[in-house]
Every structure is written in structure tokens, then in C-alpha cells.
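Trainee: What follows is a single structure, and I will ask about it in a moment.
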Amino acid sequence: MNKGEKLSLFKDYNLYCLTCEDYSLGRRNIDVVREILNAGVRIIQYREKKKTMREKYQEAKKIRELTAQYNALLIINDHLDLAKIVEADGVHIGQEDYPIEVAKEYLGDEFIIGLTTHTKTQVIEAFQKGADYIGLGPIFPSYTKEKPHPPIGLEIIEWAVNHVHIPIVAIGGIKESNIYEVLKHGAKCIAMVTEIVSSQDIYEKTKNIIRILEGYKNGKNLA
């Protein structure tokens, strides 16, 4: 896939899954990713805060091999060098990480650059500085980070969709029970962490979320 084809996945009611071993009920990231990919997910973000860089490299390399088999995208959280080394499709950076222009210069034009945003100002700045997609949240209360940002609510999704012309990935506390609220406010790409990785049956949970997204895309309410 070229970059344009890859970015089209962010605009087509797809599920964007992040790894989080702390919440995966003792299961390894690689095993969680395998189940998620088997269920049909096309976008994976490798986010791992606690392991050594060697451990992250070894794990990300295996996940890259898996995503390639499934023709899925691999986005690396934070680490530009790791993204480049394992030949990921992109990197996701936060407000306090490397500037977008630095990431672009280091990784090249074909890499996807995603940026976390919490406010309207940050959304506009991300667009103006050349982010390929925006992670917008947390929409609802979320506790996967040590210092969670307060929830920003649903209305900003609709505002962002109408004010910038790059994909918006809604993230933060999104679950099967509230996903319709997020979709109704204009989100076309939904990120989930604990709703997926903490499920007893990751495959079935993921399949059900995908079914909801596809149903919404096709104009059917399957709730």
C-alpha cells in the first residue's frame, strides 16, 4: 500500500487497536495482537512504556512481521528510531514528544505521523504542521496513562471533523457501550485499548466491535 491507501483506512469506520500489556490479563502483547489481527483489525499501535529498548525492539519486530502477514498497519508510539528500524508504517507522538517537523525529517515522507491532541488549538496546530492524522481524546475518562488528561467530551469530535481535513481518531474510554455516541459525533476511526485487551475473549470482542462499525457504516443499527 502507498501512503494514501494506508491513510484511507483511518477514514473508513475502522478500529484502531493499541497494545497495553498491563491490562491484558497476563497475555503477551504478541499474542494479543495475533488475536486482534485474526479478528480483522487493520491498524495496530505498539505502545509499551515499561520494557527496555531491546525488549521493545524484539517485540515490535515480531509484531511488524505479523502485521505484514495480515496487510495491516503498524504504528509505533513515541519512538522514531524504533519505527524506522522495524520498518513500521508510522509513528504516533504526543504533545511533549518530538515536533512533527523533526519526525518528518527523520522518518521521511512515506511514514505516517500521528499526533495526540486534547484541545481545538492543538487540533488546528497539528493540521497546520503536517500531521497525517490526529488522535483526539480522551473522549471519556481513561486510566491507561499514569497522568491521565481530563476527558474532553464528544462535541469536539464533530468540531474537529468539520475544521481539519485529515483523519480524526477518537480515543479514550471508548467501549462497546458508548461507541454509538462517538460515531454519531462524526468519528470514522475508533481507538480502543482496555475494551479489547482486557476482554476474556479478545477475538470475539474485536469481531463484535468491527461488526458494529461496519453496521454503522452501512446505515444499520446493530446495537
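Heads up, the Cβ atoms here are built off N, Cα and C, so glycines get one too.
In case it helps, Swiss-Prot gives these features for our protein:
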type	residues	note
BINDING	Gln45, Tyr46, Arg47, Glu48, Lys49, Asn77, Thr116, Lys145	4-amino-2-methyl-5-(diphosphooxymethyl)pyrimidine binding site
BINDING	Asp78, Asp97	Mg(2+) binding site
Trainee: Which of the three DSSP states, helix, strand or coil, fits Thr116 (4-amino-2-methyl-5-(diphosphooxymethyl)pyrimidine binding site)?
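Mentor: In the DSSP reduction, Thr116 (4-amino-2-methyl-5-(diphosphooxymethyl)pyrimidine binding site) maps to strand.
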Trainee: Restricting to the chain of Glu48 (4-amino-2-methyl-5-(diphosphooxymethyl)pyrimidine binding site) and a gap of 6 or more, list residues whose Cβ falls under 8 Å of its Cβ, or answer none.
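Mentor: Correct list: Thr19, Glu21, Asn29, Glu55, Lys56, Glu59, Asn77.
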Trainee: So if I draw a 10 Å sphere around the Cβ of Lys145 (4-amino-2-methyl-5-(diphosphooxymethyl)pyrimidine binding site), how many other Cβ atoms end up inside it?
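Mentor: A count of 14.
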Trainee: CB neighbours of Gln45 (4-amino-2-methyl-5-(diphosphooxymethyl)pyrimidine binding site) within 10 A?
Mentor: 24
Trainee: Within 10 Å of the Cβ of Lys49 (4-amino-2-methyl-5-(diphosphooxymethyl)pyrimidine binding site), how many other Cβ atoms can you find? Include all protein chains, please.
Mentor: 13
Trainee: Listed 4-amino-2-methyl-5-(diphosphooxymethyl)pyrimidine-binding residues Gln45, Tyr46, Arg47, Glu48, Lys49, Asn77, Thr116, Lys145 - what's their greatest C-alpha to C-alpha distance in Å?
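Mentor: Farthest Cα pair among residues binding 4-amino-2-methyl-5-(diphosphooxymethyl)pyrimidine: 16 Å.
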Trainee: If one measures from the C-alpha of Thr116 (4-amino-2-methyl-5-(diphosphooxymethyl)pyrimidine binding site) to the C-alpha of Asp78 (Mg(2+) binding site), what distance in angstrom results, rounded to a whole number?
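Mentor: Pair distance, Cα basis, whole Å: 11 Å.
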Trainee: Return only the integer: C-alpha distance in Å from Lys145 (4-amino-2-methyl-5-(diphosphooxymethyl)pyrimidine binding site) to Asp97 (Mg(2+) binding site).
Mentor: 15
